[in-house]
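This report refers to the structure that appears directly beneath it.
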């Protein structure tokens, strides 16, 4: 006969453990990064007119980056708290706990750079290009666009490439971390 479990205050409180928070935070961050990077953006790009797509990205990416920064900061804090070798061996990425902290730092730095530097520059360039398209009466990729448009196209392509690289690097770092915690566990200590 199966044992019946009852929900007590202590079992309810255990649901809110640091380990549980870490797992939910990681799942949220990885799932959101996967969605934004490979699924949602692709659907929007294929569905919306180009300028509407750019405006959507301009509105959603800052929120995505802020959530990513908050979650990766929280994960890094819990990881460092639970794995003291991170602080004593921080220059030794061959130490497994340190390598995992590096993965979280890479994620944090990539999303931080995207939110505060690369993203705003990309949006500014994109909106300049939209305005110039309107002024010239030509799309950015039509023959005979101005030299100014060609220069904006080059800058936009570079910024977009850097932003995509930073985001893809964050995704790969999170995948690396997820494979680690999937195989070896997170080992997050209680904070209470």
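Glycine is treated like the rest: Cβ placed from N, Cα and C.
Keep in mind that TrEMBL annotations are predicted by a computer and have not been checked by a curator.
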Per TrEMBL record, range annotated transmembrane segment [choices 10-29, 30-49]: 30-49
Residue numbers, six or more beyond the limits of the transmembrane segment (61-81), whose CB comes under 8 Å of its CB atoms: 18, 21-22, 25-26, 28-29, 32-33, 36, 87, 97, 100-101, 104-105, 107-108, 111-112, 114-115, 119, 170, 186, 188-189, 191
Helix, strand and coil totals (DSSP H, G, I; E, B; other) for the domain 'TMEM205-like' (25-131): 96 helix, 0 strand, 11 coil
